[in-house]
Structures are given as structure tokens and as C-alpha cells.
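Structure first, commentary second.
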Amino acid sequence: MAAGGRMEDGSLDITQSIEDDPLLDAQLLPHHSLQAHFRPRFHPLPTVIIVNLLWFIHLVFVILAFLTGVLCSYPNPNEDKCPGNYTNPLKVQTVIILGKVILWILHLLLECYIQYHHSKIRNRGYNLIYRSTRHLKRLALMIRSSGNTVLLLILCMQHSFPEPGRLYLDLILAILALELICSLICLLIYTVKIRRFNKAKPEPDILEEEKIYAYPSNITSETGFRTISSLEEIVEKQGDTIEYLKRHNALLSKRLLALTSSDLGCQPSRT
């Protein structure tokens, strides 16, 4: 009898605690409100304009370098024949090298800006686009850095053997043209990838994978099949997924708490 009384008291306490819980007594949030607050919103990458601007500045610099070198330094690079002596007291080659250095610094700053937005898109769960474009960004900067190294080597050779001055100018202009072509290829591939990504407006990678696995016919039944080639990429992908889920769960908890608090505030107090 005593045990039965304790069980009845325990069930009564549980029932009373449930009735007194304001969260359970609150009205359920509408479905469209949950969709609006909890569904991840797509944020496009705003880096295409920056990349196109960088390529345009690079193109203008190479054109001006060719015009300045051809019009002001041929046939003797040691003589400045520019109208009005615009480059005086500097030589034409010195002006071209200074412009190249300024262009490299500008590219480095814009690379930091692009990397900032790519880190943000990675934190939102878009790891595939991050991994597929990170080498393109680095490659473009490496091409320009390699061009600076070759130009430095040419200047060292010119300082030791100053006789064939026109040959050095031709080499400098050839390096600038080759660097422009290689950078254009990298930036063009990058622009196409980002535009396709922004146009598709996909959901985070983990949600896209859930859609794929929801249809068994789209999954290969081959034993040991892997879509990723190396173990390092698998570990990196799993780590990115775990980090995204942790951030996403924390964000959902904050939004749910805010929605519940606002909904409870709108409810009339019970007497």
C-alpha cells in the first residue's frame, strides 16, 4: 500500500510538473515559421566581381607595359624617348618593375579578401566548393610570385651583363604576357565554378548528401566504392562536416530559444 501510494504521488508530481511547464503549455509554432527560421539561407559568393576587377587591372597593366616598352625604349632601352619624359628620372624598365610589384601587392590584398569569403562559405557547410577552388586561388598568386622571381633574375643578369639591353626588355615583356595568360586561365576556371555555384543555390553539402541517399537507385552497390580518392580527403571532409554540424546545432538552439521566448511573451498569462 505504501509503495502504491508513492507511485501515485510520483505520477501526480510528474503530471503536475508537466502541467506547470510553460514550454509544453505554449502553442506550437507554425510550420512556415519554423521553415523560415531554421532552413539555412543561401548566401552567394561575392568574389566574382573582385576577380574580374583584378584580371582587368592586370590586363591594363600589361598593355601599358607593352606600349611603354615599345614606344619609349626601342631600339635602345637605355634611352628614354617617351614624350614629355614621363618616366624621368626612372628608366622604363624600372617603372614596369615597380608597377609589377604594386600589382602583386594588390593581388595579395584581394586574395585575403577572397579567402575571407571562402572561409565563411566553408563555415556554412559548403565544403565541396571550398576544396574545389582553393588551389585555383593559390595557383594564381603563385604564378604572379613566380613571375616576380623571374623578373628579379633578369634584373640580376642585366646588372652583371648590361650589353644586350633590348634582350632583357624583350624577356621582361614576354614574362608579363605569359603570366597574364596563365593567370587568365586560372581566374576563368574559378569564375565559371563560382558562377555555377551561385546560380545553383545549393543547400549545405550534408543536406545535399541526404537527398542523394534518400534515393537508393542513385547509389552504387559496388563493394568498397568511394567517391573520394585519398584518406586525407575523407578525414578532412568528415572534420568539416562535424564542425558544420556543431555550429549549425548551436545556431538552431539559439533560434529555437528566441522563437520560444517570443512566443511565450505573446501568450496571455494563466491565472
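Any Cβ shown, glycine's included, is placed from N, Cα and C.
If you average pLDDT over the topological domain 'Cytoplasmic' (1-46) in this model, you get 52. Per Swiss-Prot, topological domain 'Cytoplasmic' is recorded for 1-46 (among others), and the stated evidence type is sequence analysis.
Marked as phosphothreonine by Swiss-Prot on the basis of similarity to another entry: THR15.
Look at Swiss-Prot and you will find SER17 (among others) tagged as phosphoserine, backed by similarity to another entry.
For the transmembrane segment (47-67), the residues of the chain that approach it from at least six positions outside its boundaries are 96, 99-100, 103, 106-107, 110, 113-114, 117-118, 173, 176-177, 180, 183-184, 187, 190-191, 194-195, 198, judged by C-beta separation under 8 angstroms. Sequence annotations record features per position, and here Swiss-Prot assigns transmembrane segment to 47-67 (among others).
The topological domain 'Lumenal' annotation in Swiss-Prot covers 68-93 (among others).
According to Swiss-Prot, the feature transmembrane segment maps to 94-114 (among others), an assignment based on sequence analysis.
Swiss-Prot lists 115-138 (among others) with the feature topological domain 'Cytoplasmic'.
Per Swiss-Prot, the feature transmembrane segment maps to 139-161 (among others).
Applying DSSP to the topological domain 'Lumenal' (162-171) sorts its residues as follows: 7 helix, 0 strand, 3 coil. Positions annotated as topological domain 'Lumenal' by Swiss-Prot: 162-171 (among others).
Among the features that Swiss-Prot reports, transmembrane segment is placed at 172-192 (among others), with the record citing sequence analysis. If you look at the transmembrane segment (172-192), the same-chain residues 6 or more away from its ends with a CB under 8 A from one of its CBs are 48, 51-52, 54-55, 58-59, 62, 65-66, 69, 93, 96-97, 100, 133, 136-137, 139-140, 143-144, 146-147, 150-151, 154.
Annotated topological domain 'Cytoplasmic' per Swiss-Prot: 193-271 (among others), in sequence order, evidence recorded as sequence analysis.
For TYR213, the entry in Swiss-Prot reads phosphotyrosine, with the evidence type similarity to another entry.
For SER229 (among others), the entry in Swiss-Prot reads phosphoserine.
Swiss-Prot lists SER230 (among others) with the feature phosphoserine.
Taken from Swiss-Prot, the feature phosphoserine applies to SER269 (among others).
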